[in-house]
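Peer 1: Quick one: the structure is below, and I'll ask about it shortly.
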Amino acid sequence: MIESQRHSYHLVDPSPWPISGSLGALATTVGGVMYMHPFQGGATLLSLGLIFLLYTMFVWWRDVLRESTLEGHHTKVVQLGLRYGSILFIVSEVMFLFAFFWASSHSSLAPTVEIGGIWPPKGIGVLDPWEIPFLNTPILLSSGAAVTWAHHAILAGKEKRAVYALVATVSLAIVFTGFQGMEYYQAPPTISDSIYGSTFYLATGFHGFHVIIGTLFSIICGIRQYLGHLTKEHHVGFEAAAWYWHFVDVVRLFLFVSIYWWGGI
């Protein structure tokens with residue numbers, strides 16, 4: 001496949017990974033339901049499904065890297081399609097988190113009789129937003145600045161500087177995750193403490209999960225940059241990871257204002 005390709009099709013070799021990923025997701029879902037209810041063998045099926053799903057993700061992305069780096073299949077048209085796909089994926093995640101913000105706003109603006117007609121509900125301890133949550137916010141935003149630094153370094157052809165910037169990104173992300181764990185350990189409410197606890201842990205936990213995923217993306221990009229896979233002409237994988245990381249940064253700002261600060265008043 002050459003750069004002068006005139007059609008927009010993303011032609012790849014036949015792959016077993018879509019069907020294996022579907023089977024892994026099915027086993028994970030069924031195993032999760034069996035484990036929660038609980039049925040015998042649920043934990044085993046859940047574990048096997050997760051292992052199978054993670055293995056499929058690893059080998060599938062490995063094949064994508066081979067197609068782009070070694071085989072030259074990712075032409076400019078294909079790269080454009082991958083960028084569109086990344087944007088649509090991030091939009092779907094925005095909708096997911098929007099549901100949690102909606103639930104929190106709906107519950108706080110119109111508290112029901114069951115929780116005493118006040119927000120936060122009477123008797124529920126709340127987290128001080130000006131302690132760990134406030135400290136964690138600039139830490140995560142700084143990691144976003146480091147990603148931007150890495151992007152400019154790649155565009156300038158400065159490979160070592162890009163690696164250093166990605167190391168800084170990952171380090172700050174790990175610090176953020178550690179503080180998030182401390183926050184959960186010290187937080188007064190539990191996830192079963194009325195709608196307040198449920199929306200608090202769903203929103204912050206889902207965001208924390210995204211931070212972990214983004215950290216893994218940044219680690220992979222750092223390794224690929226060190227190996228010389230990323231150039232100023234071809235770095236779609238890094239761009240997708242950077243967009244994802246900036247999305248996580250923006251969500252953190254909304255979380256701090258609406259969940260930690262305003263929602264905890």
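Keep in mind that glycine also has a Cβ here, set from the backbone N, Cα and C atoms.
According to Swiss-Prot, the protein has these features:
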- 16-36: transmembrane segment (TRANSMEM)
- 41-61: transmembrane segment (TRANSMEM)
- 84-104: transmembrane segment (TRANSMEM)
- 137-157: transmembrane segment (TRANSMEM)
- 162-182: transmembrane segment (TRANSMEM)
- 200-220: transmembrane segment (TRANSMEM)
- 245-265: transmembrane segment (TRANSMEM)
Peer 1: Among the recorded stretches 16-36, 41-61, 137-157, 162-182, 245-265, which has the greatest number of Cβ pairs closer than 8 Å to the transmembrane segment (84-104)?
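Peer 2: That would be 245-265.
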Peer 1: If you count Cβ pairs under 8 Å, which stretch among 41-61, 137-157, 162-182 touches the transmembrane segment (245-265) the most?
Peer 2: 137-157
Peer 1: Which residues of the chain, 6 or more past the ends of the transmembrane segment (41-61), have a CB below 8 A from one of its CBs?
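Peer 2: Those are 15, 17, 20-21, 23-35, in sequence order.
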